[in-house]
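Per TrEMBL, the feature active site, proton donor maps to Glu341. The annotation active site is assigned in TrEMBL to His372, Lys501.
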Amino acid sequence: MPIDAVWDRLTALHQASALNIPALFAADPDRAEGFTIRADGMVFDYSKTAIDRETRDALLALTADLNARRDAMLSGEKINETEGRAVLHAALRHPDTPLWPGGEAVRAGVAATLARMASFATHIRDGEIRGQGGAFTDVVNIGIGGSDLGPAMAARALTPYQDGPRLHFVSNVDGADLADTLRGLDPARTLVIVASKTFTTIETMTNARSAQDWLAAHVDDPAQQFAAVSSATDKTAEWSIDPDRVFGFEDWVGGRYSVWGPIGLSLMLGIGPQRFREFLRGGAAMDDHFRSAPHARNMPVMLALVGLWHHQICGYPTRAVLPYAQRLGRLPAYLQQLEMESNGKRVAMDGSDLTHGSGPVVWGEPGTNGQHAFYQLIHQGTQIVPCEFIAAACGHEPALDHHHKLLLANCLAQSEALMRGRDLDEARQLMAAQGLTGAELDRQARHRVFPGNRPSTTLLVRQVTPYTLGQIIALYEHRVFVEGVVLGLNSFDQWGVELGKELAKSVAPLLDGKTVPDQDASTLSLAEALREMRGGEG
Ligand SMILES: O=P(O)(O)OC[C@H]1O[C@H](O)[C@H](O)[C@@H](O)[C@@H]1O
């Protein structure tokens, strides 16, 4: 069936049927199992969505081109056509076997860099490589976007596995970020990693210069306290960073996909090279699943199709990622970059307008905290927010396992409540039981109605470990890829971030009282107000 006809069919299915999730369960006793995928210890349940078998078949017809695109990506073709680059971050997860039959040179490069990282990390961790004041006690990763979110998110997720120097992450050009981080650190025992793919990002370079000044004010040889991670090793040379402490990577690793390689150096310093390898192994296992499982049993494919159904067909504008795991607190922010920078596009690969929308707004917070904040809207608001619950069966605090059970019970209860809801009759009975009658009973009951039939998916792992975190991240990466292929866009460029960067440069002189041509009246007056508040300098 031509792809346009598939979209039409999906729209028709959506319009024709008022699918009700509880009714789908009633009609299909095997629904829970039939709409759950189990792979490599993970469980992905999408049965609490209004997708039935017919809709799923129609959704699967969207993936006709997927295998060809997947194989093109995983064999090093330049599928990032607007930047003329291959997309091979998955190769970083396969240091032992080439990702594709001709990929030995790539594998060898990945393995060599990983070995250098491991040797550096081992020697920092065992104190053989030292700062001027002794073994390193603290590591400050300076980077932003993909050079921050991946390692920062993973470091927090893997707190129980951290047994190296303390990790800190500075990203914002707001001096508060650097100042708050450096306060209390011993410069002579702090390693500063400047992480930037391009080594030109103004925020990172500004923070790096100030960190260098901080070091220079306290130690004789700041270079001894520095390391760099970049794909622009020519630029790191300008900073006189010892080449032994520079870890390069190729331009086929996109920033938001880069945690698996040298950008993950801070994480490796925290958890050690062996556990970092476990993290890679988890990601590699998901690659293998993505490549080999039939689409209907393929976790990234089905996660993508559920997302496409909700956003493109049902028209739900956002999706919430709700990890019931406090240490996955930065996962929503990480996924915001992964998904919104990858698929927040309006033009198809060939330059024409997209026939369908871009990807959705992604947001979220860990449960149970979110329950006491924004779940009100999720349950009773007028717009529907598909929810993606993530939970781990076991925590890392055996003495507090009763907390963990409560956490899990909340996770299960929320998806059930979203699906079941509470109808007016039930609400009326509740009010009657409280002694209300007549119009007041009706009024109060209406406030207590939950429409229900609200979709969610649930992803389970046994525990958040380096391996399972690798699985989860690679799962989402491939999900984003599948959605991008179906929508026909390039998930691997990010031209949308450029204009603001350019204008920041041209606006800056306004704050010094200089005139800048072609400035709009609002920006001029805001800059003037700021200058006045700052005491009229310039
Ligand atoms: O690693 P860098 O070159 O410093 O880039 C850091 C970040 O900034 C850019 O503006 C991009 O939007 C991100 O994709 C990137 O991760």
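Each residue, glycine too, has its Cβ placed from N, Cα and C.
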Rounded Cα-Cα span from Glu341 (active site, proton donor) to Lys501 (active site), Å: 15
Cα distance (Å, whole number) from His372 (active site) to the residue listed as 'active site, proton donor': 29
Which listed residue (His372, Lys501) has most other Cβ within 10 Å, given these are active-site residues: Lys501
The residue listed as 'active site, proton donor' CB neighbourhood, other CB atoms within 10 A: 22
Three-class DSSP secondary structure - Glu341 (active site, proton donor): helix
